[in-house]
Ligand SMILES: N=CN[C@@H](CCC(=O)O)C(=O)O
Ligand SMILES: [Zn+2]
C-alpha cells in the first residue's frame, strides 16, 4: 500500500464546498496538499501540515482540480466528416443526415482499427485533463456492430451507453417500426450486458431522429433491461426531449440548446434527479445559438458540461475548450464552468466518487500549468491542463 503526497498546490479546487451558490461549492484551498493512497484521496489540508508519505510530488504552486468528467462522448467511430463541417461553415445546416456516413465507415473498420481509434481519443482526452469519459455506441446500428462498439468502449470505461436509437439506419428507412422493434428487442438484449446506460436521439425536427413516442418506447425498454436513462434532446429546435427525460427520471438530458420556459421549470423541479448537460462545442461546430447556462443556474437547474466528442457535431475532445466556451458564450463564471465540468458531470453519471477532491474520492487529479482555475478560460486554447500521472516520477511531464 504505497502513498503519495502531492504538495505545492497553489490553488486546490475541491468542488467539495458548502451547499449554496456554485462559487461557494468550488471549495478553494490555497497552499494545499493531498495524500493519495491506493488510488483514493486519504487526506486534504494545508501543505505545511502534510503527513509523511512514501513518495512526494511537488507541483510547484500550480492549480490542481478534480479530473474533468466528460459525461457525453461518441468515441467508437471510424471515418472523417471534415467536408460536412466545411459545408456547414458555408451555410448548410446540421440535420443528423451525416450520421449514416460514420455508420458505414464504422461497420467497415476492423476491431483493431476501432480499438486504436478509441485508444487515441482517450489519450488525447487524458492529455487535456479528463479522467472519466462516458462512451456511446450508435455508429453500428446492427446487433453485432452495436455489441462490438460497446465491448470496445468497455475496454476503456465503465460508463458505456447503448445508443442503438441514434438514427434509423438506411436499410430500415422504409420500415421504422421494424427498426424500433429491433432496438427495443433483440439489439437491446444483446447490448444491455455491455452497457450501463441507454440513450436516444429524440428530435422531431429531423427525419433522422426519433419522435417522443418512439423515444419513450426505447427508454422504457432500456429501463426494463436494467439500464439508466440518458436523452439527446432539444438540440435542433424546441422539442419533447427535456419533458420526456424529466417524466422518466432520466439521469441526464443533453444538448438543451432550445429550451422553453416550461422546459426550464421542469428541469428546475427535477434538480437532484435530472441534470441538463450542456455541450457548447456543438453550438460552436454547428453555428447554433448557445443556451443560457447562467439562467439555468439561477433557475435552480443542475447543469453539467461535456464535449459530445463525435465526428459530426463536435470533433473536439477538449474539456478546457468546453469550459472556455461556457464562460465566454453561456454566461458562466470560470468557477461555475469548472464545477459543471467536474462535480456537475459526475452527478449526471450518478457518481459521487469522482468530480470532487475529498477524503474517500478517487484520486483523479488534474494539474494546470497556471496558478488558478480561471486560466482555463483566460488562456483559452493553450494546453495548460493534464491529468496528473501519479505513477510517473514527478507526476508526469512538467
Ligand atoms: N445528435 C445526435 N448525435 C450526435 C451527433 C452525431 C453525428 O452527427 O455523428 C450529437 O450528440 O450531436
Ligand atoms: Zn451526442
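Please read every residue number as a count from 1 along the shown chain.
Glycine is no exception: its Cβ is also placed from the backbone N, Cα and C atoms.
Automated prediction, rather than curation, is the source of TrEMBL annotations.
What TrEMBL records for the Zn(2+) site is 72, 74, 232, and among 145, 308, 353, 364 the residue it adds there is 308. For residue 74 (Fe(3+) binding site), the nearest neighbour among the binding-site residues 81, 139, 235, 310, 312, judged by Cα separation, is 310. Considering only the binding-site residues 72, 232, 310, residue 166 (4-imidazolone-5-propanoate binding site) has 232 as its nearest partner by CA-CA distance. Here the domain 'Amidohydrolase-related' (64-370) returns a mean pLDDT of 97 for the predicted model. Cβ neighbour counts within 10 Å, taken over all protein chains shown, single out 72 as the most crowded of the binding-site residues 72, 74, 166.
Counting only the Cα atoms, the space from residue 313 (4-imidazolone-5-propanoate binding site) to residue 232 (Fe(3+) binding site) is about 13 angstrom.
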